[in-house]
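See structure below.
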Amino acid sequence: MAFRFSSHWADYRAIVALAAPIAGIQLAQVALTTVDLAMMGLLGVAAVAAGGLALLLYNQLRTMCVGMVTGVGNMIAAAVGRGEKRTGTADLDETARAEIRGYVRAALAVATGTAAAGAVTLIGLGYALAWLGQDPDVLELARPIIWTLAPGLIPMLWLNVLRQFAVGMRRAGSLLRVTLLSIAVNALLNALFLFGWFGLPKLGLAGIGLATTLVQIWTCATYFATVRRDPMLGELLSLRAWRADRETMRRIVRMGTPIALTYGAEAAVTSVATLLMGVFGPVALAASNIVNQLAYIVYQVNIGLSQGASILVSRTVGRGEWAMVAGIARRTFALGFGFMTVVGIGYVLFPAAVLAPFLGGDRDDAAVVAAASTLLWFAIVQQYCKGSQNLCIGLLRGIGETKAGLRNTLVGYFALGVPAMAVCGFAVDWRGPGVWLGLCVGFGATAALVWRSFLRRVGGLGERAPEALSAAS
């Protein structure tokens, strides 16, 4: 598959039209967490330490919970493709409509159970971390916000089911508007509970957690109303989770579990890199955190492209148009590499301007600025490696294959990446840059392994792809 631009610009627009709102939603979610951290800073260093720990645990579990229902969008897109194939038009037949309603019901049931388990796990971690040597005072401050954050996992995951439903139907734009508005609502509620405005009690960190949970409820309810009013989505939305088909639920869990574990592994390898950077002192750790946050924001665009391409592949396979999958892959990589190249040029030409928004109190620390500027070069390599592996995993998910992504991720991250970080950082004594080089090795190896898996499945499934997708999901 040569990476070349096609003359069919409409094909590129189809990917961008689906990927752009997804990337915007991802960036808005990052903004929500950023607002929470900023508000914690008003309470002091201890609050930032405790609240940051709580958010770290919450985000880890939130990401894995979301992974459990991410495949629903692909299953719905494939059902749409099969319906279009049967009718020979862009309209769906009753079989496809019933199938989509069944997926939504089953996904809501899976989401409820998964989120409830995640909430219990989050609360339990607030107490279990005491056995792992965490500062008891920090944990004491963190537990109230953990208790108020935990219930929000349920409406958050319901929202993600609605999101996957809309994405699978290629109508994700309305959620972006709701998500952007939720940032302002979150900031307002944070202030209300933090400062006790209008007679409300001052709840401190617990208030920030409560505000986040209330925002999740508000966002879910608001988006549900939006979906209900949509002429296409409204008639296909079925909330009767208690009537969900158990076999459909099992299919969602079979597809979602490897995705959830893949998301968890990605977060874990980044955490390992952060811990290793901490060994080299506060300057190295601060520089790494700054560049990592920058790279994380850029990464959201690749997530949008990955999910958008994944949905298009599932729909294409459902329609039996297997030959078009290679074209979607080429165009997705062309868009992704084009974006990453522009960003990389910006890193090289304007390093000070790129880093300035993330330096905060470290902007006058010459050592931190110098270290961060050095790591920017590794961030360029990392974004190609990490972005590529994410695009590949999305393409694999599009053909119903999620287990290969997990297997390759575990090998790339932990069999190759973590040892490379240790060798380059400590044995070779390249310190911080060595750790980042090892991280690039892990992401790059994963990208190569997942891309090989995708090529094998594209070459081996052929016309059996629709049946393979159905069986895998």
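Any Cβ shown, glycine's included, is placed from N, Cα and C.
Taken from TrEMBL, the feature transmembrane segment covers 12-32, 38-58, 106-132, 144-162, 174-198, 204-225, 259-287, 293-313, 333-360, 366-385, 406-428, 434-454.
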Same-chain residue ranges lying at least 6 outside the transmembrane segment (174-198) that approach it to Cβ under 8 Å: 21, 24-25, 28-29, 31-32, 35-36, 39, 42-43, 162-163, 166, 204, 206-208, 210-212, 214-215, 218-219, 222-223, 226-227, 230
Best-contacting stretch, by C-beta pairs under 8 Å, relative to the transmembrane segment (434-454) and drawn from 12-32, 38-58, 106-132, 293-313, 366-385: 366-385
Within-chain partners of the transmembrane segment (144-162) [C-beta distance under 8 Å, separation at least 6 from its ends]: 50-51, 54-55, 57-58, 61-62, 65-66, 68-70, 72, 104, 107-108, 111-112, 114-116, 118-120, 122-123, 125-126, 175, 203-210, 212-217, 219-221, 223-224, 227
Paired segments the transmembrane segment (406-428) and the transmembrane segment (259-287) in contact, 3+ CB pairs under 8 A: yes
Same-chain residues near the transmembrane segment (333-360), Cβ under 8 Å, at least 6 residues beyond its ends: 3-5, 12, 15-16, 19, 290-291, 293-294, 298, 301-302, 305, 368-369, 372-373, 376-377, 379-380, 383-384, 387-388, 391
Same-chain residue ranges lying at least 6 outside the transmembrane segment (204-225) that approach it to Cβ under 8 Å: 32, 36, 39-40, 43, 47, 50-51, 54, 141-142, 144-149, 151-152, 155-156, 158-159, 162-163, 174-175, 178-179, 181-182, 185-186, 189-190, 192-194
